[in-house]
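Features as listed in TrEMBL:
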type: ACT_SITE; residues: A:D228; note: active site, proton acceptor
type: BINDING; residues: A:G104; note: diphosphate binding site
type: BINDING; residues: A:D198; note: Mg(2+) binding site
type: BINDING; residues: A:T226, A:I227, A:D228, A:K265, A:Y266, A:M273, A:G274, A:R275, A:E334, A:Y439, A:E440, A:G441, A:R442; note: substrate binding site
type: DOMAIN; residues: A:96-462; note: domain 'Phosphofructokinase'
type: SITE; residues: A:D199; note: site 'Important for catalytic activity and substrate specificity'
type: SITE; residues: A:K225; note: site 'Important for catalytic activity'
Protein chains: 2
Amino acid sequence: MYSSLNTNGNAAAFETGPVSGRFAAVYSEVQNSRIDHALPLPSVLRNPFKVVEGPPSSAAGNPDEIAKLFPNVFGQPSAMLVPNEADSLRSDLKLKIGVVLSGGQAPGGHNVISGIFDYLQDRAKGSILYGFRGGPAGIMKCKYIELNADYIYPYRNQGGFDMICSGRDKIETPEQFKQAEETAVKLDLDGLVVIGGDDSNTNACLLAENFRGKNLKTRVIGCPKTIDGDLKCKEVPTSFGFDTACKIYAEMIGNVMIDARSTGKYYHFVRLMGRAASHITLECALQTHPNITIIGEEVAAKKQTLKNVTDYMVDVICKRAELGYNYGVILIPEGLIDFIPEVQQLIAELNEILAHDVVDEDGIWKKKLTNQSLKLFEFLPQAIQEQLMLERDPHGNVQVAKIETEKMLIQMVETELEKRKQEGYYKGHFKGQSHFFGYEGRCGLPTNFDASYCYALGYGAAALLHSGKTGLISSVGNLGAPVEEWTVGGTALTSLMDVERRHGKFKPVIKKAMVELEGAPFKKFASVREDWALKNCYISPGPIQFVGPSSNAVSHTLLLELGAQA
Amino acid sequence: MYSSLNTNGNAAAFETGPVSGRFAAVYSEVQNSRIDHALPLPSVLRNPFKVVEGPPSSAAGNPDEIAKLFPNVFGQPSAMLVPNEADSLRSDLKLKIGVVLSGGQAPGGHNVISGIFDYLQDRAKGSILYGFRGGPAGIMKCKYIELNADYIYPYRNQGGFDMICSGRDKIETPEQFKQAEETAVKLDLDGLVVIGGDDSNTNACLLAENFRGKNLKTRVIGCPKTIDGDLKCKEVPTSFGFDTACKIYAEMIGNVMIDARSTGKYYHFVRLMGRAASHITLECALQTHPNITIIGEEVAAKKQTLKNVTDYMVDVICKRAELGYNYGVILIPEGLIDFIPEVQQLIAELNEILAHDVVDEDGIWKKKLTNQSLKLFEFLPQAIQEQLMLERDPHGNVQVAKIETEKMLIQMVETELEKRKQEGYYKGHFKGQSHFFGYEGRCGLPTNFDASYCYALGYGAAALLHSGKTGLISSVGNLGAPVEEWTVGGTALTSLMDVERRHGKFKPVIKKAMVELEGAPFKKFASVREDWALKNCYISPGPIQFVGPSSNAVSHTLLLELGAQA
């Protein structure tokens, strides 16, 4: 069915037949070779197993409120798959399972789906797997495709979410829950796997609660997805996609470092994706050893101002100039601005003023700003001032996300260096080059780690559904060991939750896992960053390899966290 | 001497001892594995050889003028290394050779130097290799380092130019030639290898001419370096670095394509390095199959306007919207603006006006623009208008290079789509995402192709010097065949030259090799681009692999050009 034709000596083509999807797609040699990459499974999944349970669980915070919000699924014990003499689950059960991708892309999503599919083929033959199209909206509108071996094949170990695509809709209102129920009933679903980030997994748990409350048989299992790495806990050591995305960014950063050292005249300001948490920036720093790395959580903890951040950069740049280095590499998290309290304050004031007042050209409107905000506003480069005033979202709010932080910082550093030059403290020369690495990393070919991790997550999720579990997140552990020795199970989603008060109501949330300043990865970074600042300790990780050296490497963040736990 | 310590499980460290350079550098596993990657040599270089000569050469244009400018080296025959019963060159000759890197970085430069060094070790033991530091300025100021095995070792198969660094100075004036002579005499140089682009190789030939004219023994051999791929001819099928840089960019483009298809809501506008010629853009297009690719040479040949380019994009975007695709990927060469005659005209007029007139806020100054230029100016997005007026170089000129073409095009496309929407011709939705891929590709780890090609170029350059040749460019051919069968020789640099009249004088130049609209790579592209525009034929090449599938692939451009020649 799949023909592999060489075109131009570099690419091979295959067709997947009459189904839609990646039919007639032409694949590169590397893509093709990855399709047939044999995925190792943890040994517990390759042999007969049974599911054992731990003690009852609680919540990450406010367990009483969580218990009230989830009366049917709160307190569930963890489930762990352990070897058994014979399989404990009925292999003659024919399950109907749905799967949905939710939120932004992360490398490995296709492998979660492959894992679910293969589990059903291996252990519940005759089962059906539906892929809901375009994210949670696909559930609500009952837009789905029945996934079969031919359809799935070309997506194995491939990047992207395009097998069934994703979406950012949420199932929130009573009407939307009703729609989800209707789909579950219509398709006679035994289970649903929700592949997503913190919000989507909260949603998965609400669905589980709702289905059980309505006595529907449909069970729901979540899977931890996000390149940002901010969905994790003890039982879920990392979210999938983080490993691949960081390695792609680190490849680029390493290349830019060698360029900086070779040219000797540029400071490269690299903004990295990750709006809420700075895990990506930290991981890339640990992989590449840049001269300056800004971690949003530290900026927030130390209540730093934009001026503080600029001064820190300028101090390092001046010291490096004295050593003869007029070049360097600086990593900045996408969400930096969100971590700076004074910026939040300024933006709140601006939104208020812009909503109610006329902005006069003479700047009289500025008198409405508090002193601190006015000072900050005037400190900002003119282009950023204009951007804040002019670019507004449909609600009239300042679009913080549109600010190119790396360019703003280049301008602020330039201004400060000019000042120091005039004061005689700086004799170097400075040229900034800006970069933003984001979209390049979300759909790369998954690393061996992400490929195996996702496959195990999916295979495990199907096992949990097979054993009747609901409201759990698929949990694969012991990730520092060879795949063979990984543990597989599920963790109560409610145990990851706390409540937030919004509009006078309690809302359950899975708290984003932020960079812990007392955690091993940050402490490691903090212990060496001064060396990195002044010496040039650059490391160039090079392109991701699928065979040979480093092809099975695990992220520094994960290794350091596992090491600290051990 | 080299210790390999595992740190964090991912990186290994080594020290190179007391010499400067990459001492105490910590390398990634991939970097480390590449150091010891065994480089294949063409069989002619592994066995005894002799040098045979072809017929006398001419010039690419105006041979009479070139002959006058190069009385001592014009007309030299090509040299070809061929197998011989015994080595024809004296292995007891102890040579003193200098090497210099000139201009922008390109992956593989370190391997050219390794190749020269190894040749001297293998076939002229006791020879000395000097590396001039910081480009041609190092020759003029006699700033050099003596390269030995320990110093070179950590740079083998590594990206960057930091072994001796590069520079953009030129040896042009009589005083500068004098300085170069003094260095040649002081170091008693038998030869000099100049690794650079078109300008640097022209310079190399002028040096060769000058040295011979002055009866100095110092001979000069050039090496073709540039990621832009615009230094090539029949005997020099490609410049080094092009292969690696394009594969790095293509990896990113491929990832962005899968992202576009998965998300379904972005048009990614990717600007690619390559100011003069669009080879990089064309090669990346052949590797990845984007929906729209702009080739500067075609724009110039068809005398297209910015409006034409915008309309072409908008036409495709509208057609795709009708098919349900509100996403896509668009490749744009860095130098696009330079190819558009009307833009050149506008900028010339602006420079003139801005130099002599006051720019009034009411825009009366605009009346000084010709009609056509005024129309173009008003067609430009406001941000670009402001950039043209405000950002000037030290000479007061408009800084064309600073214009972010990809962002400009996004704005122009947005405006035109809005118009068509109001006219009822477009019902889709459009969101542009801009990217610039440049610095990421100049210092990557060289591909197997570039690693081997550069090593052969360097090894061959040393052989040419050993045999007393000067004024040639190292030429390695038959590149479609296995390395074993590659041919090695040298081509008269004057044969690549033409003259340009500047300030009333003839100046010799190696003409940049532009994308030929009648050449095989462009014709291949032109024959399939309509398919690529409307269907989604995306290919994701994935990260460069050093072993396994595709690790020895050759660029599409080279393969197509070789195929057309065959």
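Note: Cβ is positioned from N, Cα and C throughout, glycine not excepted.
A quick note: this is a predicted structure, and the numbers were derived from the prediction, not measured.
Using a 10 Å Cα-Cα cut-off from A:R442 (substrate binding site), the recorded positions that qualify among A:G104, A:D198, A:D199, A:K225 are A:G104.
For the recorded positions listed here (A:D198, A:D199, A:E334), the lowest count of other CB atoms within 10 A around the CB belongs to A:D199. Distance between Cα atoms for A:Y266 (substrate binding site) and A:K225 (site 'Important for catalytic activity'): 36 Å, as a whole number. Checking Cα-Cα distances from A:K225 (site 'Important for catalytic activity') against the binding-site residues (A:G104, A:D198, A:G274, A:E334, A:E440) with a 10 Å cut-off leaves A:G104, A:D198, in sequence order. On the 0 to 100 pLDDT scale, the domain 'Phosphofructokinase' (A:96-462) averages 95 in this prediction.
Within 10 Å of the residue listed as 'Mg(2+) binding site', judged by CA to CA distance, lie the following recorded positions from the set A:G104, A:T226, A:D228, A:G274, A:E440: A:T226. Listed recorded positions (A:T226, A:D228, A:G274) with a CB under 8 Å from any chain B CB: none. Rounded to a whole value, the Cα-Cα separation of A:T226 (substrate binding site) and A:D199 (site 'Important for catalytic activity and substrate specificity') is 11 Å. Taking only the Cα positions, the spacing between A:G274 (substrate binding site) and A:D199 (site 'Important for catalytic activity and substrate specificity') is 15 angstrom. Summary: among the recorded positions (A:K225, A:R442), the fewest other C-beta atoms within 10 A of the C-beta are counted at A:R442. Counting in whole angstrom, A:E440 (substrate binding site) lies 13 from A:G104 (diphosphate binding site) by their C-alpha atoms. A simple Cβ count within 10 Å picks out one of the binding-site residues A:G104, A:G274 as the most packed, and that one is A:G274.
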